[in-house]
């Protein structure tokens, strides 16, 4: 008994010493303790959830069950609803009202079952409110009740309130268990605080407050994986095994999914082999993650092998699995395979959904068959009662813009309100780009000003701004591009390297080399590093203006700055040397380019042939012909 008391005292001390774990005792505190009862302060300014003082205004007639059920019938009802939830919130509240007036009072397990039913219904704020009523009215509660309330606060993204209840749990004389702390750890992770979750877990282990189970370990592993800390997750995974806690299918599937997302597919396959060797059966989620990872590398033979293995283990692919295949085949232009998968889905009773048909339509559009994609929407989806979403229309709009049929894309854009859909920034940007691609810059600028700039609900991003700047510069509206760039900066948008590269390229090609040079030189002050594309644009600009020394100096500088030139960079500078009759320098650079595994592109080869025709007797040119064209 003394050991239990000391443990409880230590827990309280531990919690109080860590400000993260307790909410501040301000006027807005979520929970205050008075005479061992817990009240929710109505002055809380949180917009996350609103806790009403009572729900007993609902008429008993709303309750669809017997208005005067016996104790036994009520207990049976609560047991059933704790597993499935009530059909209506009114019913749950009417049952709670009846429970309050029962004499003798129903046991605490019945109230817990009611709260569990509300959690099943995702009515977390209502469950918290009823928990408050129980405390105020002196209805007995136990650790399960507190754990449920803590879980609800975590679902409502109020982990601070959850930790306040943890303090209340201890004050009531209950000992938080592995479920309590696992719930809090999950709450911290869901609020993007994996470091704090890991710290809490470490302290719980260090001070032996709980014996973590597989759920606790898997929760932490999942949080680490979501942040991309796969090495730490694997270390914890091996630690749990060392401590005798056997990982389950969920644990392995979590790690496998993370490895696949990090493109470490072979390591993921190794874990699959390990788990099956240990007698742990993979499920459809495990295989779906692996299939996605393999599809990302176009490893179709391995995909087929996994599908065969699933069949051997009697694990049926679900709609999610099939959608992975449809999307992967579609992106590779393997439309026949896509159609075969959809037909197979129907045969297996796995009905294609909007994601499936979106992937099919995307595949058609990638092959230029936009009308076939439209037929999927207007015929197949409508026939099957599948409601299109904004992605469905974005795929079609993008497809028509790529086919330079912008008017058809605009028709679809204007159809969105009638379908109850709101265009996204991607929708607007696609139309804008379509106008520029077809040379309709007047309509593009009008569309941007009237439909985008004046749309307060629309937040412009770097990609959209890059499209606009590129379109303006391509059509020689450089002053307008610079003006918009200044507007971007004033609005607080932080341009990325793509924005600067677009503007540098546009300025240099429109006779504003000094402005382009100024933007380029100031990139480090903006916290940006030019990439190979940016360097190549500036090298091309210098070559075009005959500034070969500047171009060559920048070429040498980029590698010193850790940015290796690519084949485009080499060919650009070589053509610059050709254009300025620096044939020996071009030859040296061509040797270096070939040594690095690059080759002359069509433009460079053509330029060399043209020079040979006009200056056949130049020794340096003849040497180049002998070296590269024979």
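Please read every residue number as a count from 1 along the shown chain.
Positions of Cβ are set from backbone N, Cα and C atoms, glycine also.
Noted in TrEMBL for the protein shown:
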type: REPEAT; residues: 142-176; note: repeat 'PPR'
type: REPEAT; residues: 213-247; note: repeat 'PPR'
type: REPEAT; residues: 248-282; note: repeat 'PPR'
type: REPEAT; residues: 283-317; note: repeat 'PPR'
type: REPEAT; residues: 318-352; note: repeat 'PPR'
type: REPEAT; residues: 353-388; note: repeat 'PPR'
type: REPEAT; residues: 389-423; note: repeat 'PPR'
type: REPEAT; residues: 461-495; note: repeat 'PPR'
type: REPEAT; residues: 496-530; note: repeat 'PPR'
type: REPEAT; residues: 531-565; note: repeat 'PPR'
type: REPEAT; residues: 566-600; note: repeat 'PPR'
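Nonlocal intrachain contacts for the repeat 'PPR' (353-388), taken as residues 6+ away from its ends with a CB within less than 8 angstroms of a stretch CB, comprise 319, 322-323, 326-327, 329-331, 333-335, 338-339, 342, 345, 395-396, 398-400, 402-403, 405, 419, 421. For the repeat 'PPR' (531-565), the residues of the chain that approach it from at least six positions outside its boundaries are 497, 500-501, 504-505, 508-509, 513, 516-517, 520, 523, 572-573, 575-577, 579-580, 582, 585, judged by C-beta separation under 8 angstroms.
Taken as a whole, the repeat 'PPR' (389-423) shows an average pLDDT of 96 in this prediction. Sequence-remote contacts of a segment are chain residues at least 6 beyond its ends whose Cβ falls under 8 Å from one of its Cβ atoms, and for the repeat 'PPR' (213-247) they are 178, 181-182, 185-186, 188-189, 194, 197-198, 201, 254-255, 257-259, 262, 264, 275, 280. Shown for the repeat 'PPR' (496-530): DSSP residue counts in helix, strand and coil, namely 25 helix, 0 strand, 10 coil. Shown for the repeat 'PPR' (566-600): DSSP residue counts in helix, strand and coil, namely 26 helix, 0 strand, 9 coil.
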